[in-house]
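Copied over from TrEMBL:
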type	residues	note
ACT_SITE	D38	active site
BINDING	D38, E223	Mg(2+) binding site
BINDING	39-43, R51, H55, 83-85, W87, R89, R204, 210-212	substrate binding site
ACT_SITE	N86	active site, proton acceptor
Amino acid sequence: MNALTSWLFARRAAARAKRARGEAPPADPPRHIAIILDGNGRWASRRGLPRTAGHAAGAETFRQIATYCRDIGVEYLTVYAFSTENWKRPRQEVEAIMDLLGKYLRESVETMERDHIRLKILGDPAMLSDELRALIDETAEISGRYEGFQANVCINYGGRDEIVRAAMRYAEDYRSGAAGQLTEELFSGYMFSAGIPDPDLVIRPGGEMRLSNFLMWESAYSELYFTDVLWPDFTPADIDAAVAEFNRRDRRFGGIKK
Ligand code: IPE
Ligand code: IPE
Ligand code: MG
């Protein structure tokens with residue numbers, strides 16, 4: 001058994017043990033949690049594995065955390081999987097990430113109806129492979145058929161890129177007379193995230209304290225939570241800790257405490 005497989009077995013066993021213990025999920029989960037999936041490369045390097053093994057482990061973590069978020073009553077989970085800046089990485093690493101995203105989407109097409117998970121891809125699909133684009137269309141078509149928990153996966157996503165695209169599309173509509181005076185609400189409708197409520201909580205594992213171009217428009221009033229845990233090591237208990245911290249925060253939105 002290689003290092004990655006034994007890690008996977010141990011992780012699944014720990015999740016089963018947690019469920020068997022019947023540990024209580026956190027009360028009052030936020031409606032929308034967003035996560036910057038960071039730390040895959042360091043996780044692998046620390047184990048003497050190639051960075052790509054970290055991305056494979058991170059994909060498994062995402063499956064588990066998405067299921068957990070759905071089970072505790074979160075309505076939307078948005079994850080940052082590949083940024084508009086990540087194309088700067090070595091070609092081999094980019095290809096490995098794209099292969100994993102394809103594998104994830106192929107599996108999702110088979111399981112999302114059974115598991116009641118809607119899946120939306122946020123980002124510019126133009127630079128993605130034909131296969132990935134077809135899978136994105138297929139998951140969108142399946143998601144349109146039912147209600148329920150929604151996972152949003154940001155691929156070739158950049159917060160600034162999203163705003164620029166929205167501005168260009170609005171300008172076209174304004175010129176043609178299809179759109180009127182611009183308001184914040186109207187502009188939100190031009191984002192990749194149109195129709196999705198803003199994230200209440202943004203979590204960044206991996207120890208960095210920055211947003212790295214994630215949801216620049218949508219996170220204006222999100223609560224931010226940073227942890228040193230590397231994404232592949234992230235467990236439902238880390239979600240519980242972040243939610244507990246979120247519930248201690250006083251969200252004032254510019255007002256004053258009542
Ligand atoms: C996040 O992990 C995955 C992507 C950005 C695609 P990293 O690959 O950034 O991992 P670190 O930050 O180098 O450890
Ligand atoms: C942010 O992580 C992007 C994703 C997780 C997809 P990075 O690892 O690319 O961010 P920086 O380079 O540390 O800011
Ligand atoms: Mg990183």
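Just so it is clear, glycine is given a Cβ too, placed from its N, Cα and C backbone atoms.
Automatic, uncurated: that is what TrEMBL annotation is.
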Among D38, E223, which are recorded positions, the residue with the most C-beta atoms within 10 angstroms of its C-beta:
D38
By a 10 A CB contact count over all chains shown, which of the binding-site residues listed here is most packed: G39, G41?
G39
Listed binding-site residues adjacent to ligand 2, that is, members of G39, G41, W87, L211 whose C-beta is under 6 A away:
none
Under a criterion of Cβ-Cβ distance under 8 Å and sequence separation of at least 6, what residues of the same chain contact N86 (active site, proton acceptor)?
V94, I97
If you measure C-alpha to C-alpha, which of T84, R204, L211, E223 (binding-site residues) come within 10 angstroms of D38 (active site)?
R204
Inter-residue Cα distance where the pair is G39 (substrate binding site) and E223 (Mg(2+) binding site), in Å:
21
Anything from the recorded positions D38, W87, R204 with its Cβ under 6 A from ligand 3? List those in sequence order.
D38
Including all protein chains shown, what's the count of other C-beta atoms within 10 A of the C-beta of W43 (substrate binding site)?
26
Which of these binding-site residues (G41, T84, W87, R204, L211, E223) have a C-beta closer than 6 Å to some atom of ligand 1?
G41
Under a three-state reduction of DSSP output, how is E223 (Mg(2+) binding site) classified: helix, strand, or coil?
strand
